[in-house]
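Chemist: Sharing a structure here in structure tokens format.
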Amino acid sequence: MTVFRQENVDDYYDTGEELGSGQFAVVKKCREKSTGLQYAAKFIKKRRTKSSRRGVSREDIEREVSILKEIRHPNVITLHEVYENKTDVILILELVAGGELFDFLAEKESLTEEEATEFLKQILSGVYYLHSLQIAHFDLKPENIMLLDRNVPKPRIKIIDFGLAHKIDFGNEFKNIFGTPEFVAPEIVNYEPLGLEADMWSIGVITYILLSGASPFLGDTKQETLANVSAVNYDFEEEFFRNTSTLAKDFIRRLLVKDPKKRMTIQDSLQHPWIKPKDTQQALSRKASAVNMEKFKKFAARKKWKQSVRLISLCQRLSRSFLSRSNMSVARSDDTLDEEDSFVMKAIIHAINDDNVPGLQHLLGSLSSYDVNQPNKHGTPPLLIAAGCGNIQMLQLLIKRGSRIDVQDKGGSNAIYWASRHGHVDTLKFLNENKCPLDVKDKSGETALHVAARYGHADVVQLLCSFGSNPDFQDKEEETPLHCAAWHGYYSVARALCEVGCNVNIKNREGETPLLTASARGYHDIVECLAEHGADLNASDKDGHIALHLAVRRCQMEVIKTLLGHGCLVDFQDRHGNTPLHVACKDGSAPIVVALCEASCNLDISNKYGRTPLHLAANNGILDVVRYLCLMGANVEALTLDGKTAEDLAKAEQHEHVAGLLARLRKDTHRGLFIQQLRPTQNLQPRIKLKLFGHSGSGKSTLVESLKCGLLRSFFRRRRPRLSSTNSTRFPPSPLATKPTVSVSINNLYPGCENVSVRSRSMMFEPGLTKGMLEVFVAPSHHLHCSTDDQSTKAIDIQNAYLNGVGDFSVWEFSGNPVYFCCYDYFAANDPTSIHIIVFSLEEPYEIQLNQVIFWLSFLKSLVSVEEPIAFGGKLKNPLRVVLVATHADIMNIPRPAGGEFGYDKDTSLLKEIRNRFGNDLHVSNKLFVLDAGASGSKDIKVLRNHLQEIRSQIVSGCPPMTHLCEKIISTLPSWRKLNGPNQLMSLQQFVYDVQDQLNPLASEDDLRRIAQQLHSTGEINIMQSETVQDVLLLDPRWLCTNVLGKLLSVETPRALHHYRGRYTMEDIQRLVPDSDVEELLQILDAMDICARDLSSGTMVDIPALIKTDSLQRSWADEEDEVMVYGGVRIVPVEHLTPFPCGIFHKVQVNLCRWIHQQSTEGDADIRLWVSGCRIANRGAELLVLLVNHGQGIEVQVRGLETEKIKCCLLLDSVCSTIETVMATTLPGLLTVKHYLSPQQLREHHEPVMVYQPRDFFRAQTLKESSLTNTMGGYKESFSSITCFGCHDVYSQASLGMDIHASDLSLLTRRKLSRLLDPPDPMGKDWCLLAMNLGLPDMVAKHNVNTRASRDFLPSPVHALLQEWTSYPESTVGILISKLRELGRRDAADFLLKASSVFKINLDGNGQEAYASSCNSGTSYNSISSVVSR
């Protein structure tokens, strides 16, 4: 027998209040005398004899003590000491003073599953520790899960009460029947062998209750409860689990298993995805799911109710026993009754909160003398609590038991007040029927109508008014219910009060009407309502402010517009004489100043100090406001009371810019001239841009000359003879003549292609486009520098020209030489007021003609970004205007009737194909213009002229008219260009400053932005905008587009210093463009991604467009690499397999060079470039980036050591991110997708390499497979080896294909879905039915536009639908695809299969930062803005 300390515990500890009690134990707070530390003393009553049933046996006490001595864990209670006396064993335990966990959680307003699992993890952690010691608790229940301290940010859980705990000996069978019926496992009920598994069952029950507020097995009797446990009779009722996640239910389901061997262990529980999410999807699911707090609070209340009933019963028994034994006096019995009443009150309140009508009826029935009108300790009688809870049956019961209907709390509120505060309409009807007083005021003077208005219960407000409640009662602050609604912004309440006829102009103690309150707080809807119901718009408060003053002071723009729209006094002066304009000018709010001036306010009213609004703006140095006031005619010579002008005030405050502006405006004649310059004239915009695109030799230059040629000149214009290919100057030979012979078989069309077995693989090419695809795009090594044409266009040729019979144009001719393409993204599609002509030669076969046109239109389409919100059908608001012109009709002997036009037999099919592809993206003219580009006087040219003139007239009519200032700037630009010298770039801010300083000080920044846009439209300047170039003006587009780029990227450029890398020195560049400041020029070109500066070498510059060799190694075939891992991707266009614009690969090379220059600070990174590829070595891994499939794809191949899989993953991810960012910023309208290369065939250096497309992964996922079949090699490859080098750490943290959340779908993908699903389908298979299938029927009524006349620029319902649906955590790409298939829209489903990502890494590793931080993803060191701002 264990002997415990026999000393008197009182000698060492001071015992205090009782903390709790059980059948044979009492717990009291105590303090250790020697240390002052607080503990809990558990007094366990000893069983005196073995036959006795009272007390705890010695064996059980020793077992509990033995277990407590063994355990030490943060989530388990700790034993300090053990004492013993004759009657008790006293355990000195750690003080757990935070109360029960469930009581703590019941006080919260809301609780997500993520928050709940944080507490559950602590429980599991404690149980894991116990089970590791083979200790089973056997009494896990909410009462035994406590908080150490509830007043800390993250309370710690403590498991207590080890009275039933046993150490499990797996060699000896242990059976017993004990525990709390609700929480015991079936093996306990059935008297079967017990083990650690019983605790896991209890955790399942606790979790069930925690999430739902319901007990899974609780019956009306103990026997029914045990029967439910034995039968495992439970389910997840919708009422309790409507917001519970699937993962949480799965967690419970795996614990509430009858067979202990099949039940989750504690280790399994800790690894369950609900506790430890495996991916972002699961984590989001937890975060989005919520605990059923309404039911949980009721469970907590029900538990307290049961405890209170037990306490009352115990108290009554003790009271009767004590009185009978000691014959107490009546006075003492009254004292005891008072104590009893506190228990009764607790029980009554708990019953009311739990809606436990039968329980309360039973309790009150046993307490015949109890006064139900007495309040609780807070001064609230039970009837008011019941009214607040809204239970009419409870009210009926209390009234029947004697509750007064007019009873009040200590604050003077009655039942109607309480019901109104909580919004219980039916309860109010009941109380009114039972004559509860309606307009009782509490101590603050508030009525029930006040509190209903303050809490936003519009239905209650309407009901109370219908009962006859006075809506004009004022509280002690003299505020009405309408003031409350206006303060809190409850529009529905304000409207309800207005509609019952309340006085809308009553003022509170501060002199504010409800209108003043709503205006100051910005509730424009309430202001609108009050104005409609007769509110005095010019009522003022104690300071003389009207509503407009307060709205202006708080910058409430919508309120200001509403007040001005209803005609409030705009020039009302407060007690200081300030008008709303004074307030706006002092605060410097330019938009408000504009709104007030547009409302015809007086600009020159003086306040009590003689100051006008202009004085205040000048005094505060607010230049924009001063400028606007002067523009609107404010008096700049007005004097204050002390004789100062606005200019004097600005000088005194050292606001030099303001003072300078005012000094220039002293003379009215000057100001009148400045104002006149800003007013629109009758003059239309003089010219627009005409941009020509086409392959070299298509006849662009000739066409321009013919269009410029007048009638008389055309007679004398000599047709230039067709030169032989040996002496080609103006017309270079057809591309076919200079290209190597190339096979157009499937294998050769796609070297390294997946399309080997047509039956087993989806074809990646389009049958109508295969022939001639290779001829459209030729690798630069065969094309760029093969011949020199002295007369061919260099870069972008720009000229201002009058096209005879059409009008003035700024003509931009884009060279067909691919070496220049890398600069076109800044100029080709940056102006919707331009006309874009695509020129192609009829000398080429039809397939090549078609593909040349597609190439240029794809380029233009790719340059146009899509903005939100997406329009109906995915249409663009301002699509580019495109005209197709076919040349060389005379050479090809195209039929032509006498005096008529050329009749090309394939124009209809070509136009149909083009409009099908590009109809939603570009405005392509309905006619194909077939002509001889050199015949300037032909009818064909005349027809083209007429068409261009028609388009020009449409565009010009939509442009804003010219202003005198714009015309003045045009005349001034030549001198500015001359002053700028070698650098023709200027920031918009500098442009604004120069115009204001030199031409017109009254021009605002907004005015000059509009003028700059107009100058851009005319071609006088070019506004450059991109990720790295913000608001930069190119004063002379010819300087950069023709001179600099034409010389730098020209075919005549000398060979690079390192020809294989296209590396130049600063001196080389200076020799190429001697008239430019080379340092600033390189920063400009760097920002445009044309070159990359190697700062580590100081003077070296990489210009990939100038690389002339393609002889570097493109594979690893000849190297030993048995221990290497391989992987790679191919980035391809989604919709059509057309070549990437040649310039995009140059930009990719530039960004990779820049990235490597940043990486190689320690010499551990290197890059080698060639025409169509680059090779990177970085930190032990190697990487190839190749332009493949004749420009239709960019491949990224990575290899590294077997031990460096994560490094390979990070390198591949970083480089792909760089490429994708370059694509997104340069070609924002081009949708690309990643295909995956066979790692096995890369390792074997097999060619061609199998390529896995997204549809392959989706198909395998649907079949529950985790590998793909390589049909070329005849073997399978796992998802992880294909996507992440077989790195399971990465794979386990990634989302795959169908499991990727639909919110990751790009804007371009959503636009395509809008195009497919927005238009009404005859069979109803459109977005409406999709909304129903996705469980969002409300979206149909909200976005149905079938009845409207025009859908041109309405928002896309599909886009709105996807935005709503993807806000839910369970919305995955796989579900969307399946819903589209159910809808019968295989076209949309197939598109998603093509366009969706396959693999999304969610890495948290530190290694990623090394790459992510250094990879600028397409962002230059320099921005042009920074260059020109200096």
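Heads up, residue numbers simply count up from 1 along the chain you see.
Using N, Cα and C of the backbone, Cβ positions are placed for all residues, glycine too.
Computed from a predicted structure; not experimentally measured.
Found this in TrEMBL, in case it helps:
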type	residues	note
DOMAIN	13-275	domain 'Protein kinase'
BINDING	Lys46	ATP binding site
REPEAT	378-410	repeat 'ANK'
REPEAT	444-476	repeat 'ANK'
REPEAT	477-509	repeat 'ANK'
REPEAT	510-542	repeat 'ANK'
REPEAT	543-575	repeat 'ANK'
REPEAT	576-608	repeat 'ANK'
REPEAT	609-641	repeat 'ANK'
DOMAIN	681-955	domain 'Roc'
DOMAIN	1312-1396	domain 'Death'
Chemist: If you average per-residue pLDDT over the repeat 'ANK' (576-608), what number do you get?
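Modeler: Within the repeat 'ANK' (576-608), the model's average pLDDT equals 95.
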Chemist: Residue list, the repeat 'ANK' (576-608) vs rest of chain: Cβ under 8 Å, 6 or more residues beyond ends.
Modeler: 544, 548-549, 552-553, 555, 557, 560-561, 564, 570, 614, 616-617, 620, 622, 624-625, 628-629, 632-635, 638, 640
Chemist: Could you give the residue numbers and ranges of same-chain residues that sit at least 6 residues beyond the repeat 'ANK' (609-641) on either side and whose C-beta is under 8 angstroms from one of its C-beta atoms?
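Modeler: Contacts of the repeat 'ANK' (609-641) (Cβ under 8 Å, skipping residues fewer than 6 from its ends): 577, 579, 581-582, 584-586, 588-590, 593-594, 597, 603, 647, 649-650, 652-653, 655, 657-659, 661-662, 665-666, 671, 674-675, 678, 1001-1002, 1004-1005.
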Chemist: Excluding the flanking five residues on each side, which residues at least 6 beyond the ends of the repeat 'ANK' (543-575) place their CB within less than 8 Å of a CB in that stretch?
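Modeler: Cβ under 8 Å, 6 or more out: 515-516, 518-524, 527-528, 531, 537, 581, 583-584, 587, 589, 591-592, 595-596, 599-602, 605, 607.
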Chemist: For the repeat 'ANK' (510-542), could you work out the same-chain residues 6 or more beyond its ends whose Cβ comes under 8 Å from its Cβ atoms?
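Modeler: For the repeat 'ANK' (510-542), the nonlocal Cβ contacts are 480, 482-483, 485-487, 489, 491, 494-495, 498-499, 504, 548, 550-551, 553-554, 556, 558-559, 561-563, 566-569, 572, 574.
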Chemist: Across all the protein chains here, work out how many other Cβ atoms are within 10 Å of the Cβ of Lys46 (ATP binding site).
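Modeler: Step by step: centre on the Cβ of Lys46 (ATP binding site), count other Cβ atoms within 10 Å, giving 18.
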Chemist: Can you tell me how the residues of the repeat 'ANK' (378-410) break down into helix, strand and coil by DSSP?
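Modeler: Taking each residue of the repeat 'ANK' (378-410) in turn, the totals are 17 helix, 0 strand, 16 coil.
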Chemist: Would you mind pulling the DSSP three-state label for Lys46 (ATP binding site)?
Modeler: strand
Chemist: Could you give me three numbers for the repeat 'ANK' (477-509), the DSSP helix, strand and coil residue counts?
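Modeler: Helix, strand and coil residues of the repeat 'ANK' (477-509) number 17 helix, 0 strand, 16 coil.
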Chemist: What counts of helix, strand and coil residues does DSSP assign across the repeat 'ANK' (609-641)?
Modeler: 16 helix, 0 strand, 17 coil
Chemist: Of the residues in the repeat 'ANK' (510-542), how many are helix, strand and coil by DSSP?
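Modeler: Summed by class, the stretch gives 17 helix, 0 strand, 16 coil.
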